[in-house]
Each structure stands twice: as C-alpha cells, then as structure tokens.
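Report on one structure; see the data block that follows.
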Amino acid sequence: MSRGSVNRINVPNELREILLDFTVNYLLEQPPEDVVTYACEFFNRLKESRNLADIRSPSVGEESVISDDEAPPNRFNSRRKSVFAEAYNPEEDDEDDNKKVVFPKSDAQRQALADSVKDILLFRSLDKEQMNEVIDAMFEKIAEKNEYIIKQGDDGDNFYVIQEGVYEAYVNGENGKQLLVHTYNGKGSFGELALMYNMPRAATIKAATAGSLWAMDRQTFRRIVLKSAFRKRKMYEALIENVPMLKALQSYERMNLADALIPRSYKDGECIIKQGEAADGMYFIEDGTVRICILDEANKEVEIKKIEKSGYFGELALVTHKPRAASAYACGDVKLAFLDVEAFERLLGPCMDIMKRNIDDYENQLVKIFGSTCNINDIR
C-alpha cells in the first residue's frame, strides 16, 4: 500500500471556499462585534440563502496547505500567533499605488502564472490590471532538493505558485510522524489560506526535486487582494444604488451582490450574448451603452432598444429558464458587471417580481416593432 493511500487527508473544495469567503467579508466589513458573533450571523445568512436555492460549489483550484520560509531578506522573520493578530483596513491604506514592486518575467512565465492563479477564489474577481499587478509582484525562489519550503506551525508570510519541480505536502500525525497528503507535480499553488487568516501553516511543503517557485509576500498579497476587493465592493455598491430594481434588496444583500459581481469588458461591436444560446448569467452596465437586437421573421437582426449606464440585461432567460431571447452588442467600449446564474438565484429572489413585470414590458416593445404578438411565446 503506497504512502499516499494511507491516512490521506482531503480538504473539500467547498470548505476552502466558504472559509475564504468568510474571511474576506470579515476583513472588509471590520464588524464591531467579536469574530464568533460575526461568524454566527454570516453562516446563518449563508444557510438561509441555501434554503432558497441550490448552489453549485465551484472549484477553487489546487490544494491550500500553508506556511513559509526563505526568499528575499526580511520576509520571514516575524511570527504571529493569533488568527486576526494583524488588523488591516483597506480604507485607511494610504500607500502610494504608483510605487508598485515589479519583478521581471518573460511572456511565457507571465502566462503560466496567470493560468495558475486565475481559478483561486481570492483572485477570481480581479480585473486584468489587478491581475497584472499580482503577477508583477511575484518574485522567484529557487528550491533545492529536500528543502523545506514551508513548515507546519510556522507563520505564513508568502503565497507560492510552482514554476517547476515536484513538491510534497505533509501534515503531522500521531507520535510526530509526518503523513504525505498531497504531491504537486510541476504545477499548483499553496499558501493563500494562511495569508488570509494570518494563522500558522497547516502543513509542511518539501521539495522532492530541485525546482523553482514564484512567491508573493504577505503585505503585497493583502494590499492587492484585500484593497482590490474593497474597491470592487465600493464601486459595485455605488452601481447597485443606481439600479432601481435592486432597491428591493436589504443592505447586507447588496453587499453580497457586490461581492458576487465579476468585471467584464467588451470592445465596440463585440457580441455579449447571442440569441438562442443558453443563459449563464445576467449583466449590469457599469459604463457605456449596449444595443439589444432580435431576429425578425426574415432572420435579420432588428434593434429593439439601447441600454445605458446603470441598466441591466440578460435576466429574461434566467427568469423564464429558456434560451436567450435576444442578442446584445457593445456600442463603443463597455464595462459590465456579470452575475452568474447560481448567484442570481441565490441573491436576487427579492427582485424576481420586478423582473417578471419586465417581461411584459419587453413583449410590449416587440408588439410596437413587429405589429403583433407572433413568436412572442417563444421567449416565455
């Protein structure tokens, strides 16, 4: 029986996502009550939300086992013991954003890094500019064979992305014996969970072969990820305030919606959604104008309306559970906030009546254009 099959400890993806989501919300909101009280309220809200709709659990990427060791000088000296020992308030961070640390990389290295971090929960909501800042800030660490990259129980100062080499993850078992729980073969990442929680590493990572990694220090990680998340929340809260339909949401529901929105950009004339395709979510317009078109009886596209800043579209197919009833195109450069179907069902229940009334308005527009109600049932 192999070592990997004995006493293997598997950390469910959903557990990592929920814990990270809780941490980001706690650090951003800085609630006055203690952590336990806030946690009770947070998980009660999550449970209530799940009673309203089934939520598909997205994968978070590679296993998060955590701690840190060598790299550039003075990155690993201090040791912190409590989970929230370091207070960080993004709103009070006056650091000059123009003083960005950049470690040179080839185009191939940058692409490999982008592919490695794009599915990690903490980085999923970053736009292209923010992702580039993350990649710029990562520095190279050369690993020797049998070197301990991180050790269980040590303070977590760095987040690592594997560039090359094989790395083994161990946890301390009974009688001090180390148990192999995971092997990274030339790809993957580790360390983000301890960086967010400011807690001791949960596992030991050892280089089974010589190799190299990309690393990001704690302060850079917190500044980029937390400050970006803070700015994104504030920006989308302002957008949500200007969408009349969303006034039906409670304050905490608006915050959850702001956190769930994903930035997307489109160039002039680019197709955003296509009539007849399956719906994967809806869109809010952050900046720009979107043109809505529908196919007539001659199979030619006819423009039925334009939607501007603070408007939204794409909800029709989600309400009716049918394919897209129209196509949408960017008029000039457009910035959108995308809400996927799972988050839509979980967060926008209070707005459903308003969206159903919008279907009737949509039908009235079609009658004005085509002169009859023919084919309108196709969108119901």
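A Cβ is built for glycine as well, from the same backbone N, Cα and C atoms used for every other residue.
As recorded in TrEMBL:
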type	residues	note
REGION	57-79	region 'Disordered'
DOMAIN	122-242	domain 'Cyclic nucleotide-binding'
BINDING	Glu192, Arg201	3',5'-cyclic AMP 1 binding site
DOMAIN	245-365	domain 'Cyclic nucleotide-binding'
BINDING	Glu315, Arg324	3',5'-cyclic AMP 2 binding site
Neighbour tally for Arg201 (3',5'-cyclic AMP 1 binding site), based on other Cβ positions within 10 Å of its Cβ: 23
Alpha-carbon distance [Glu315 (3',5'-cyclic AMP 2 binding site); Glu192 (3',5'-cyclic AMP 1 binding site)] in Å: 34
Cβ atoms near Glu192 (3',5'-cyclic AMP 1 binding site) (within 10 Å, other residues, all chains): 27
Helix-strand-coil residue split for the domain 'Cyclic nucleotide-binding' (245-365), DSSP-based: 44 helix, 46 strand, 31 coil
Glu315 (3',5'-cyclic AMP 2 binding site) and Arg201 (3',5'-cyclic AMP 1 binding site), distance between Cα atoms, whole Å: 43
Tally of residues which DSSP labels helix, strand or coil - the domain 'Cyclic nucleotide-binding' (122-242): 45 helix, 45 strand, 31 coil
